[in-house]
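K.L.:
One structure coming up, written as structure tokens, with questions to follow.
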Amino acid sequence: MSSRSTPRPFGVCGEIKVDELTDFSRLSRWSFEKNSSPELRSPPFKFAGPLDCRLVLHSRGSNYSSLYLEVLYTNIVKKGSYLAFFSFTLENSDHSKSHSRDCISRFTAKKPSQGICKFARPFALTNPDFGFIFDNSVKIIVDLRVLSEAWSITGDNSSKKCSWTLENISLFTDMLSSYQLISPAFETGDCIFRIIVRRTKDDSGDYLGLFLDSTETDISNKDLYTTCWVMFKLCIVNQESASENVYFDFYGRFGGVNKFGDYTKMGQSKHLDWPKFIGSGFLVDDSAEFVLLIKVIEERFSQSLPFHSRTEYSDERLWEIKKFATFKDTLKKRKVLGLSVESMRFEVAKQAFRLVIYPRGKSSQSSQQLSFFLEVGENFNISFDQSCFVSYELSVIHPKTMDKSIRKCAVGHYSTRCRDELGWTDFVSLGNLFDPSSGYTSGDTITLSAKVLLLKETFLEGNAEVEKVGFPVDMDGESFYWELENFIYFCDSSDGISKVIRSPDFIFGRQKLRMGVLCALDGTIVAYLLRDLPVVENLGDGVPLEFECKLALAAPGSKKIVGVFYKAGDYAEMNPNFVDCVERGLGLRDWLESQGHQYIVTDDKEGPDCELEKHIPDLHVLITTPFHPAYVTAERIKRAKNLRLLLTAGSGTDHIDLNAAAAAGLTVAEVTGSNVVSVAEDEVMRILILVRNFSPGYHQVTRGEWNVAAIAYNAYDLEAKTLGTVGVGRTGGLLLQRLKPFNCNLLYHDRLKMDPELENETGAKFEEDLDAMLPKCDIIVINTPLTENTKGMFDKERIAKCKKGVLIVNNASGAIMDTQAVVDGCSSGQIGGYSGDVWYPQPAPKDHPWRYMPNHTMTTHISGATIDAQLRYAAGTKDMLDRYFKGEEFPPQNYIVKEGELASQYR
Ligand SMILES: NC(=O)c1ccc[n+]([C@@H]2O[C@H](COP(=O)([O-])OP(=O)(O)OC[C@H]3O[C@@H](n4cnc5c(N)ncnc54)[C@H](O)[C@@H]3O)[C@@H](O)[C@H]2O)c1
């Protein structure tokens, strides 16, 4: 371990004493003696009447010591939470060198300790030379001011009234310019909100600011991205005259994070002049009251049925807004508020969209219309770097008679230079929409939908630029290159609109030109060159122009490659080498696309409507991994008419029906050996974890228990134990080499005897008969692939042949074990401990019995997926794809099925 991660002890605290200095101030004296604990806690002391606190000094490695103030749990339970300003001063013998830090925090049951992470250097606290140790102790003064407040909240999850009274505000006025006062947190809709009060002083004056904030995550373990559309009124109450209450109304979409351009804070920093706040009835007897009325729309925003057999360029969304009739009154206020309601955003081909509705008043009140738009990209915090055409259909769904749904389709262009409005100001009359007999609101719910199909364009000018993208330039003059991604789908006329697509303008021969494509309703595609007005007018339009237009619909030999990986979410960003995930797709995208291949990645692999199913009919290559296996069944193989190659990124092909693949003439290959070191190392770890009875000891500690006996009665050394590996291929051999220094008796069983040199090196003895080896072993490790012969190999009878209390490690394949026999063995004690990372099926369902059996230390499928292994099997996969494109052979050991034949051990 490096010193960075090892907490540096302060030394045993001889004594920690706390004395009262003033009502708000306590002096703590800490004396350190011998080296010891990284965390020290002062005795509890009282503050502000009955508030019990203590100080906690914690060493964070060798770099910093943290200092926290902890409110004792019983206090929090009694009152809910405390907002407090606190400051810590570390006294120095030279007073000018004393060190102070302060902050305002809310102490809650989840966060009862608040403080300063990087408070001091640990050596400053333990080395007298720095002057912080004098009179034999370190002296820390803590000042604490607790806000006395009243908080009340009424209403339901969609509509609430909160009242927050601050009763001793004068204690905080000094720090209000640097700190803000934050109310208790509360949930409304899908977000967690707090009211914020702060003071702003600038050249124009001194003000009180008031905000609603949604960044709190303390209440529940919700996903980080939560959002809801909110309308609220925030008010400072004038305690002398209600008519002088000062309030503002706001609305908009809030989110727990502002990643997608949702609001995380809304309000006014100059809500009220500070002098007015303190002198005109808002502050009475040192107390001020703030009231919030908040309402959210109740909604469900979901992905709906496949559209154009959805690809990465298309999406279809349903937006249900509940209690719409009540909401209509709010919509009517549009005249006053300019109200518009935005949906959650969604992404198509990395481009962000959202739906927006608002009522648009026409000349007379009676003809009010609902406006309905699709908004693109750059209004959100997502950078806009693509030029695209958007074919879209917006609908108000008639829930009972689909034909009565109101649908409108159009095509628009969106780029930094051209922004068509995507939608309709007069989508439907509000009268019609709200008329109960029209049937658009069902059970007071209205459903809107949007289908979006994207055509991305790339436009390049100049021969050199065009050659750079691999398009041959074989003419004099100038080349212009216009690439339209997703062209075939986009031109599909089944939506009943013909599409005209025009390239950006370019200048040639002093003419302003554009390329154009018309996709007519009868399926004809016309590509043409358009000449606009001449740039230099006096040239007239008689300048002859020769041009050649090449239309390349796809690169010759272009393949559709589909990769199935798990989603990594935020973890994808945490390590650039983390490539085995949907977000990185083994790092193959740029390389594949630069060669004109299509690369689709997904984690959605099960069920008839999953993403993988959509590509089965026309994919050429399927890349899968054992960690998030796409089960390639005979039925899928039958439907995959273009499929030629099944690649496993890693090793292990249990998820592929090899016989069906062989019968269909497919090639199945894996990156043999790419992760065997990773698996062998992991097996050594699992063996030790079982032999040492490690897991219950670990769990004791995290549960706050301490019972050495409960572990020690069943913990052993590995030395002198007998260990047998079933299968001694690449992983089995590496395991035996790694176990050699532990001085155990090593046995192995395999179809074949191992290389005499390795046998000699490891001292492992061959056991031809598996059933004869089993009763000799204290530990059994399984290292064979899943084949017809090994499937269910460890059933009830075989497990009964093992020594009572045998420890079993299996990182090879879940289906080698009979699931129930393992559960029974672990429950009866016949198996003393079972560990491994392979399951059937994967991901293991929540009710998989291995999750809940006793004496196991199973994990998710991870042993062969270390970052080192990922880089090896990503490179191996790329190498095989490259050979496949060039028609070259793979390394022989990688073939599992070749020319209709299974590799020998699978037969
Ligand atoms: N958990 C993981 O992350 C992970 C990673 C990689 C591999 N694996 C699994 O581990 C397995 C072994 O990998 P490897 O690279 O060591 O394979 P390998 O092909 O090098 O070795 C397999 C060994 O098993 C033996 N064998 C096959 N059938 C047998 C039978 N019926 N009886 C006795 N021995 C038999 C073979 O003769 C061979 O020596 C893979 O097939 C895969 O399923 C798991």
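Glycine is no exception: its Cβ is also placed from the backbone N, Cα and C atoms.
When I checked TrEMBL for this same protein, it listed these features:
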DOMAIN    25-144  domain 'MATH'
DOMAIN    159-294  domain 'MATH'
DOMAIN    314-452  domain 'MATH'
BINDING   ASN675  substrate binding site
BINDING   ASP750, PRO785, LEU786, THR787, GLU788, ASN789, ASN811, ASP837, HIS861, ILE862, SER863, GLY864  NAD(+) binding site
SITE      HIS861  site 'Important for catalytic activity'
K.L.:
Near the residue listed as 'substrate binding site', meaning Cα within 10 Å, which of LEU786, GLU788, SER863 (binding-site residues)?
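P.N.:
Final answer, ordered: SER863.
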K.L.:
Kindly point out which of the binding-site residues ASP750, GLU788, ASN811, SER863 have a C-beta less than 6 Å from some atom of ligand 1.
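P.N.:
Checked binding-site residues vs ligand 1; flagged ASP750, ASN811, SER863.
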K.L.:
Sort out the sequence-distant neighbours of HIS861 (NAD(+) binding site) for me: same chain, 6+ apart, CB within less than 8 Å of its CB, listed by position.
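P.N.:
Set apart from HIS861 (NAD(+) binding site) by at least 6 residues yet with Cβ under 8 Å, we have PRO626, PHE627, ASP837, VAL838, TRP839, GLN842.
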K.L.:
Counting only residues 6+ away in sequence within the same chain, which have a CB under 8 Å from the CB of ASP750 (NAD(+) binding site)?
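P.N.:
For ASP750 (NAD(+) binding site), the qualifying residues are VAL726, GLY727, VAL728, GLY729, GLY732, PHE766, THR784.
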K.L.:
Suppose you look only at the domain 'MATH' (25-144); what would the mean pLDDT be?
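P.N.:
It averages 84.
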K.L.:
Tell me the Cβ contacts of ASN811 (NAD(+) binding site) under 8 Å, same chain only and six or more apart in sequence, or just say none.
P.N.:
VAL679, ASP682, GLU683, ARG686, THR731, ILE782, ASN783, GLY836, ASP837, VAL838, SER863, GLY864
K.L.:
Using all protein chains shown, find which of the binding-site residues ASN675, SER863 scores highest when you count other CB atoms within 10 A of its CB.
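P.N.:
Top count of Cβ atoms within 10 Å goes to ASN675.
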K.L.:
Tell me the residue counts in helix, strand and coil for the domain 'MATH' (25-144), as DSSP assigns them.
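P.N.:
With helix first, then strand, then coil, the domain 'MATH' (25-144) has 18 helix, 68 strand, 34 coil.
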K.L.:
For the domain 'MATH' (159-294), give the DSSP counts of helix residues, strand residues and coil residues.
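P.N.:
Each residue of the domain 'MATH' (159-294) counted once, the result is 18 helix, 73 strand, 45 coil.
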K.L.:
For a quick check of understanding: given the listed NAD(+)-binding residues ASP750, PRO785, LEU786, THR787, GLU788, ASN789, ASN811, ASP837, HIS861, ILE862, SER863, GLY864, what is the maximum Cα-Cα distance in angstrom, as an integer?
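P.N.:
Pairwise Cα check on ASP750, PRO785, LEU786, THR787, GLU788, ASN789, ASN811, ASP837, HIS861, ILE862, SER863, GLY864 gives a maximum of 25 Å.
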K.L.:
Fewest neighbouring Cβ atoms within 10 Å: which of the binding-site residues LEU786, GLU788?
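P.N.:
Minimum Cβ neighbour count within 10 Å, taken over the binding-site residues LEU786, GLU788, occurs at GLU788.
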